[in-house]
Amino acid sequence: MTSLTQNRYFQKLQDWHRDNSADINLRSLFDADPERFNNFSLNLNTTHGHILVDYSKNLVNKEVMQMLVDLARSRGVETMRDNMFSGVKINYTEDRAVLHVALRNRSNSPIVVDSRDVMPEVNRVLEKMRSFCQRVRSGEWKGYSGKPITDIVNIGIGGSDLGPLMVTEALKPYASGGPRIWFVSNIDGTHIAKTLANLTPESSLFIVASKTFTTQETITNAETAKEWFLGASRDPSTVAKHFIALSTNTSKVKEFGIDPQNMFEFWDWVGGRYSLWSAIGLSIALHIGFDNFEQLLSGAHWMDQHFRKTPLEKNAPVLLALLGIWYINFYGCETHALLPYDQYMHRFAAYFQQGDMESNGKSITRSGTRVDHHTGPIVWGEPGTNGQHAFYQLIHQGTKMIPCDFLIPVQTQHPIRKGLHHKILLANFLAQTEALMKGKSNEEAKKELQAAGKSPEDLEKLLPHKVFEGNRPTNSIVFTKLTPFILGALIALYEHKIFVQGVIWDINSFDQWGVELGKQLAKNIEPELDGSAPVTSHDSSTNGLIKFIKQQRDIRIE
């Protein structure tokens with residue numbers, strides 16, 4: 001594939017940006033086009049409510065959007081999309097298909113990898129998950145003392161933690177009748193210790209999520225949990241009633257003491273950060289019930305079908321991806337804020353930090369050459385309105401442009417005080433995107449200060465600080481209610497956005513070699529931390545840090 005910067009549509013966009021970007025003004029665009037909202041928004045009518053994607057408050061016009069769509073087409077987005085859904089091994093560095101879409105393929109149409117339809121295997125594991133969830137949630141599955149399970153602990157890291165954690169938090173209102181859920185990921189002993197302190201061994205069930213069953217953090221935490229558990233049960237045979245494996249390594253699972261009957265498998269065509277749809281989502285299904293888990297899958301499948309069948313010009317994941325390309329590759333933006341105005345979605349941005357940054361934090365193209373353009377952004381964010389009292393100052397008046405996605409449900413799960421809280425939340429959501437778009441002109445700020453009775457001297461001093469440039473781009477994503485179906489659709493929306501950007505940048509969004517080097521070095525350093533002998537095998541900084549740690553670790557601090 002030709003370098004992105006040599007692509008003629010990319011160059012047309014560069015020329016347009018050079019000649020026009022200084023003059024594009026959102027206020028003027030809205031004033032000039034009364035239909036701008038209708039022309040630059042999508043109303044997705046799902047079978048479980050609507051998702052409105054309003055992208056009218058972006059620094060684009062119809063000409064720019066058409067050039068961006070032409071760029072996507074010329075970069076092979078449609079072909080790569082079809083290849084992914086068809087089981088082609090588009091993860092070329094690992095020679096793997098990319099088929100998280102198969103896990104939620106509710107239409108059950110065949111998806112073939114290596115001449116074999118994967119859907120029978122997918123359905124078999126889903127049925128096993130359904131049966132297991134029913135047994136645990138009904139109380140039929142008993143612990144070693146005959147008590148039902150009250151607490152589930154998911155032990156995993158990365159994709160085996162972030163997705164299930166985000167979804168179980170987002171869907172708490174649907175967890176009625178389910179066990180409590182806990183997540184342990186960090187190798188820091190504080191995480192497992194503080195979790196175990198809340199639990200009773202005889203009614204706790206541990207899910208150990210590791211494809212290879214060799215992930216250091218996960219297995220170390222699982223062994224600690226087993227040691228704690230056996231301290232109470234004093235019978236190794238009871239491990240089978242309290243530990244479940246999500247893995248493909250049967251021998252390691254048996255070695256740990258888990259009955260292979262209690263092992264739920266998944267496949268190498270499921271990437272970790274796309275795995276919540278697989279057996280890795282068992283903790284989700286146990287918490288909210290399998291029927292609701294299926295609704296999550298159905299919502300994602302709905303978005304898959306929209307992404308696969310809708311022309312690029314009206315395709316929500318594609319349009320969000322192209323707007324990101326516009327800001328990253330032409331405006332030089334380095335970050336993207338995800339700002340959900342729903343407390344249940346408080347882990348949404350953290351989840352897509354991995355989803356986006358591990359996928360598109362790459363600098364080498366499919367042909368093995370270094371890119372000559374920017375790729376994945378830094379993704380961050382917090383729920384509204386908390387963020388308004390923390391970092392919105394920089395978004396409004398800082399020196400960096402930060403494109404933002406604002407997300408909110410029209411209906412709240414908790415309409416307390418006759419909906420007052422949610423009305424205030426909605427008002428703040430709407431006000432922020434309008435304020436970022438419009439800003440406050442010098443004249444408007446001056447009139448405001450005069451109306452407040454400021455003296456000429458105070459007015460002159462305060463005026464520059466009260467001006468807001470505006471022209472800050474945002475997307476507004478408004479949905480009827482945060483249900484399992486809608487959450488599934490929203491997650492898939494962003495997954496496909498990330499995929500489209502990776503195709504345009506000509507990088508592999510489905511490997512993660514960048515996480516390996518640090519892990520390799522940590523294995524070498526770990527034995528060097530034993531004893532008191534000085535270490536000289538590293539650079540002076542690392543040697544000095546090791547020396548300091550050895551000096552300080554036995555000092556008694558009250």
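Glycine is treated like the rest: Cβ placed from N, Cα and C.
A C-beta separation below 8 Å, combined with a sequence spacing of at least six in one chain, links Glu358 (active site, proton donor) to Arg273, Gln512, Gly514, Val515. In three-state terms derived from DSSP, Glu358 (active site, proton donor) belongs to a helical segment. Summarising the annotation, Swiss-Prot assigns active site, proton donor to Glu358.
Per Swiss-Prot, the feature active site maps to His389 (among others); the stated evidence is similarity to another entry. For His389 (active site), no same-chain residue lying six or more positions away in sequence has a CB closer than 8 A to its CB.
Marked as active site by Swiss-Prot on the basis of similarity to another entry: Lys519 (among others). The Cβ of Lys519 (active site) has Gln216 as same-chain neighbours under 8 Å, each 6 or more residues away in sequence.
Annotated D-glucose 6-phosphate binding site per Swiss-Prot: Gly159, Ser160, Ser210, Lys211, Thr212, Phe213, Thr214, Thr215, Gln354, Glu358, His389, Lys519, in sequence order, evidence recorded as similarity to another entry. For Thr214 (D-glucose 6-phosphate binding site), the count of additional Cβ atoms within 10 Å of its Cβ stands at 11 [all protein chains shown].
In the three-state DSSP reading, Lys12 (N6-acetyllysine) counts as helix. Here Swiss-Prot flags Lys12 (among others) as N6-acetyllysine, drawing on similarity to another entry.
In this structure, Ser86 (phosphoserine) belongs to neither helix nor strand by DSSP; it is coil. Here Swiss-Prot flags Ser86 (among others) as phosphoserine.
Sequence annotations record features per position, and here Swiss-Prot assigns phosphoserine to Ser107 (among others) based on similarity to another entry. Sequence-distant neighbours of Ser107 (phosphoserine) (same chain, 6+ apart, CB under 8 A from its CB) are His301, Gln305.
For Lys142 (among others), the entry in Swiss-Prot reads N6-acetyllysine. Here the Cβ of Lys142 (N6-acetyllysine) has 15 other Cβ atoms within 10 Å, regardless of which shown protein chain they belong to.
Counting Cβ atoms from all protein chains shown, Ser185 (phosphoserine) has 20 others lying within 10 Å of its own Cβ. Summarising the annotation, Swiss-Prot assigns phosphoserine to Ser185 (among others).
Take the CB of Thr250 (phosphothreonine) and look out to 10 A: across all protein chains shown you find 14 other CB atoms. Thr250 (phosphothreonine) falls within a helical segment according to DSSP. Per Swiss-Prot, phosphothreonine is recorded for Thr250, and the stated evidence type is similarity to another entry.
For Lys454 (N6-malonyllysine), the same-chain residues that are 6 or more apart in sequence and have a Cβ closer than 8 Å to its Cβ are Leu462. Sequence annotations record features per position, and here Swiss-Prot assigns N6-malonyllysine to Lys454.
For Lys454 (among others), the entry in Swiss-Prot reads N6-acetyllysine, with the evidence type similarity to another entry.
What Swiss-Prot lists as N6-succinyllysine is Lys454. Secondary structure at Lys454 (N6-malonyllysine), taken from DSSP and collapsed to helix, strand or coil, is coil.
Marked as phosphoserine by Swiss-Prot: Ser455 (among others). Other Cβ atoms within 10 Å of the Cβ of Ser455 (phosphoserine), summed over all protein chains shown, number 9.
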Quick one: pull the CA-CA distance for Thr250 (phosphothreonine) versus Thr212 (D-glucose 6-phosphate binding site), whole Å only.
9
Distance between Ser86 (phosphoserine) and Gln354 (D-glucose 6-phosphate binding site) at the Cα atoms, whole Å?
25
What are the sequence-distant neighbours of Thr212 (D-glucose 6-phosphate binding site), meaning same chain, six or more residues apart, C-beta distance under 8 angstroms?
Ser247, Thr248, Asn249, Lys252
Judged by the number of other CB atoms within 10 angstroms, which among Ser86, Ser210, Gln354 is the least packed of the recorded positions?
Ser86
Just checking the binding-site residues Gly159, Ser210, Thr214, Gln354: which sit within 10 A of Lys12 (N6-acetyllysine), CA to CA?
none
Pop the Cα-Cα gap between Gln354 (D-glucose 6-phosphate binding site) and Ser455 (phosphoserine) into the table, whole Å please.
51
Including all protein chains displayed, how many Cβ atoms other than that of Gly159 (D-glucose 6-phosphate binding site) lie within 10 Å of its Cβ?
24
